[in-house]
Amino acid sequence: MSDTHPSQTTPRDAADSVATLSAPFPTMPGFAELGERFFTRLRPTPLPSAYLVSVAPNAAALLGMPVEAASEPDFIEAFVGNSVPDWADPLATVYSGHQFGVWAGQLGDGRAIRLAQAQTDTGPWEIQLKGAGLTPYSRMADGRAVLRSSIREYLCSEAMAALGVPTTRALSIIGSDAPVRRETIETAAVVTRLAPTFIRFGHFEHFAAHEDVAALRQLADFVINNFMPACREAAQPYQALLREVSLRTADMVAHWQAIGFCHGVMNTDNMSILGLTIDYGPFGFLDAFDANHICNHSDTQGRYAYSQQPQVAFWNLHCLAQALLPLWLEPGADEAARDGAVAQAREALDPFRDRYASEFFRHYRAKLGIHMPAGGDKEDEPLLTSLFQLLHEQHVDYTLFWRNLARISSADGSGDAPVRDLFLDRAAWDTWAESYRNRLRAEQSDDAARRVAMLAVNPKYVLRNHLAEIAIRRAREKDFSEVDRLLAVLSRPFDEQPEAEAYAALPPDWAGGLEVSCSS
């Protein structure tokens, strides 16, 4: 949906302009029903010379929106924030949070403006413009996002959805020639994001920090009523809410680990109450396997390293539990009552570790093409532990390993070359492969059926940093064809796509010098 000579629009007066873009969906108040202590109504700040970079067909389908609409000037005007459709109710929400383990106070929305809440056949979708300008919560920032980070978020949102990972979605990128100062001067862009809700742990932390229990209760009730109605039937609805968020978060992080995804900045304000992957910043997919991989060069202590993600998620859930504690307490509650509330919160969080472990083993059994053993998950630990140690020591490409593993034979090593050649120490591979083959033979594995099943869960294509970088470099020259091409490939990550073989290759040597940070 983009070309090398994009159409451009000139912003009208943001205070008065109304876009004529019609909506193929009804809207509802959504977050706006909470009232203005939770948000500020405002209009986006216009961007000059706006042009379409790309639109995601699968995300557009969620809204029932024809992709062809993206070529219309009114689409660009509305989704860059230059004008406000009559169906929109733009607002910025307020939240706080912990950053790198330290309380940081009020954080946002610093540059994201909710445009509307759509109600479609696929469910409720909050439509949000990221990079749409200053809000009352911007602190010292400029309210903008840059083309570089916008392309990364856009592509990864849709790639993760295609991989089956819980995630926010991305409808479009609209760029501008307006300069934005980061580590260097870059150009601005706006990503239109979609999610049932963008409520974060940090929304609850904000009102807990301000001791506004009424607002905290109202927010919790809103989440329960709209997204987790089963919690209403529980004896302790708020405890049930915390438990449900804990389970969803465990599922999400287990899936991250299985596909080799490193988020990079798991602050509590970047944690979705629905257990969605949110805020794609300095993320990365593993190339050579390194259990301690740090994808964010701003993370000097490795707090958010790949191996630390499950523990950090649990720590963040404790922050959410702390914020929700007042909902279990009556005014003037004594120490015994508080101890009881803490015990209830711990009880709600207790299932996290077991759920994470269960999902972790489920994903990896599927990746290995093996079944649950009679002895349960514990029986699989030696096979997996020895594999992870081998991958780590040999710096084996994570995605290529799993994809090629599907092709080996359970009978002998005659077909091992595609995966065996990834190892410097071939003898070490041979030793592990024999234990793996023994497992396959014990299960009387049918190689053809196993291969089909493994190829359906081990992607051939992921958003490696160098692929995103190539698309970004071309986009800076107003050539957006690589963004669209990469989006199309990543939308079918498990398919062979012979014409896209280059996107599945090992990273080039120059990719090792790429760094991503919180600068976006």
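Note that Cβ sites are derived from N, Cα and C of the backbone, with glycine treated the same way.
Since we're looking at a predicted model, the values are computed, not measured.
Database features, via Swiss-Prot:
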{"type": "BINDING", "residues": "Gly108, Gly110, Arg111, Lys130, Asp142, Gly143, Arg193, Arg200, Asp279", "note": "ATP binding site"}
{"type": "ACT_SITE", "residues": "Asp269", "note": "active site, proton acceptor"}
{"type": "BINDING", "residues": "Asn270, Asp279", "note": "Mg(2+) binding site"}
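Taking the recorded positions Asp142, Asp269, Asp279 in turn, the residue surrounded by the fewest other Cβ atoms inside 10 Å of its Cβ turns out to be Asp142.
Asn270 (Mg(2+) binding site) and Asp279 (ATP binding site) have their C-alpha atoms 6 Å apart, to the nearest angstrom. Here is what falls inside 10 Å of the CA of Asp269 (active site, proton acceptor) among the binding-site residues Gly108, Asp142, Arg193, Asp279: Gly108, Asp279.
Proximity of Arg111 (ATP binding site) to non-local residues of its own chain (separation of 6 or more, Cβ distance below 8 Å) is seen for Lys130, Gly131, Ala132, Gly133, Leu134, Thr135, Ser138, Ala141, Asp142, Gly143, Arg144, Ala145, given in sequence order. For Arg193 (ATP binding site), the same-chain residues 6+ apart in sequence whose C-beta sits under 8 angstroms from its C-beta are Ala112, Ile127, Gln128, Leu129, Lys130, Glu153, Ser157, Thr168, Arg169, Ala170, Leu171.
Secondary structure at Arg193 (ATP binding site), as computed by DSSP, is strand.
Classification of the residue listed as 'active site, proton acceptor' by DSSP places it within a helix. Here Gly108 (ATP binding site) comes close to Ala92, Thr93, Val94, Tyr95, Thr135, Tyr137, Gly202, Asp269: these same-chain residues lie at least six apart in sequence, with C-beta atoms under 8 angstroms from its C-beta. Once the Cα atoms of Gly108, Gly110, Arg111, Lys130, Asp142, Gly143, Arg193, Arg200, Asp279, the listed binders of ATP, are compared pairwise, the greatest separation found is 22 Å.
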